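Colleague: A single structure is presented below for examination.
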Amino acid sequence: MEPGGKFNPRLFLFGPKLASRSDPRGINTYLVVCALFSFVLLTHASPAKSCDKSCNSGKCINGSCVCERGWVGDHCQHCQGRFKLSEPSGYLTDGPFNYKFKTKCTWLIEAYPNAVLRLRFNHFATECSWDHMYVYDGDSVYAPLVAVFSGLIVPETRGNETVPEVETTSGYALLHFFSDAAYNLTGFNIFYSINSCPNNCSGHGKCTPGNSAASRVYCECDKYWKGEACDIPYCRDNCGSPDHGYCDLTGEKLCVCNDSWQGESRGGKRLCCMLE
C-alpha cells in the first residue's frame, strides 16, 4: 500500500525493491513472469487438437499429422522416399492402404559383409507389367539384379509353395519400388531377416549357427527330411505307413513296401502306393 492509501500491484508481486522503475533487473523479471503466466493461460485455454484419423507413420500435432521421414499423405499412409534398415529382422511395406500414384520408394537393408539376407513376400499385389519391385544384391542399383516382381503373388501356404525366398549374399539388399499414374493396388508386405535359415527350415529342422559369429547359419533336418531348407522328404507320404510300408532310414533311406504294395516316385524313390 502506497502513501495515500493507493494499492501498488508491483509491491504485491515482486516486493518493494522491484517496484522501482529505475531497476532494470526488476523490469526484466516482471516481463519474464508475465510471459510465462500468459503461456500457462493459453495452454489451458486452448488444448491441443486431435486428428480425425490415425497418423500411421507420423505424429498428431495440433490436429494435423506430421509424417516421419519417407512417408507422405494426410495420414502418413504412403511411402515416398528412402529407408535404411539394419535390425536383424523386420518388415517393409508401402503402407496400410493402396499405394499412391507415381510412387518411388527405396529400402536399403544393411547387415555385414557377405551376410545372407532373406526376403519373404507375405503379400504382393501391383499393377501387372507397370508397377515393379526391383531387388538388388548390394547397396545400389549398380549391384547385381536378383529379382523383379510385378502383379499378384499368391501367399505361400502348405502345398502351395509359389513364392520363393529371395536371397542376397553381399550383406546388403536394395529394394526399389515405383508405380505409374494409371492404376494402383494393395501393395506389399515383405519380411526380411539377416543370417537366418531358408524358410525357417520348413518346420522340419533346427536352425543352427556356424562356428563363428560371422559364419552362416544352416538347417539341421529332422530324420525324415533333407535339403538346404529341410523341405525334401526321404520318403514321400511316409511310404503310406503303416498299411503300405515304412521308411527305412538305415541304408539308402527309402520306402520298404509291405506285401502286395509297390510304386515309385520322382527320383526312383518307392512310394508303396499301388497294389501289385
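Backbone N, Cα and C atoms are what each Cβ position is placed from, and that goes for glycine too.
These figures come from a predicted structure and were not determined experimentally.
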Colleague: So Cys230 is in a disulfide according to TrEMBL. Which of these is its partner: Cys221, Cys235, Cys239?
Modeller: Cys221
Colleague: Tell me the Cα distance separating Cys221 (disulfide bond) from Cys207 (disulfide bond), rounded to the nearest angstrom.
Modeller: 9
Colleague: For the domain 'EGF-like' (193-231), what are the DSSP-based totals of helix, strand and coil residues?
Modeller: 6 helix, 12 strand, 21 coil
Colleague: Please list residues from the chain of Cys197 (disulfide bond) whose Cβ is under 8 angstroms from its Cβ, counting only those at least six apart in sequence.
Modeller: Gly205, Cys207, Val217, Tyr218, Cys219, Ala229
Colleague: Can you name the far-off residues of the same chain, 6+ from the ends of the domain 'EGF-like' (193-231), with a Cβ under 8 Å from a Cβ of it?
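Modeller: Here the qualifying positions are 88-89, 109, 111-112, 114-118, 120, 161, 165, 167, 238, 247, 249.
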Colleague: Tell me, if you would, which residue among Cys207, Cys221, Cys230 (disulfide-bonded residues) has the fewest other CB atoms within 10 Å in the structure shown?
Modeller: Cys207
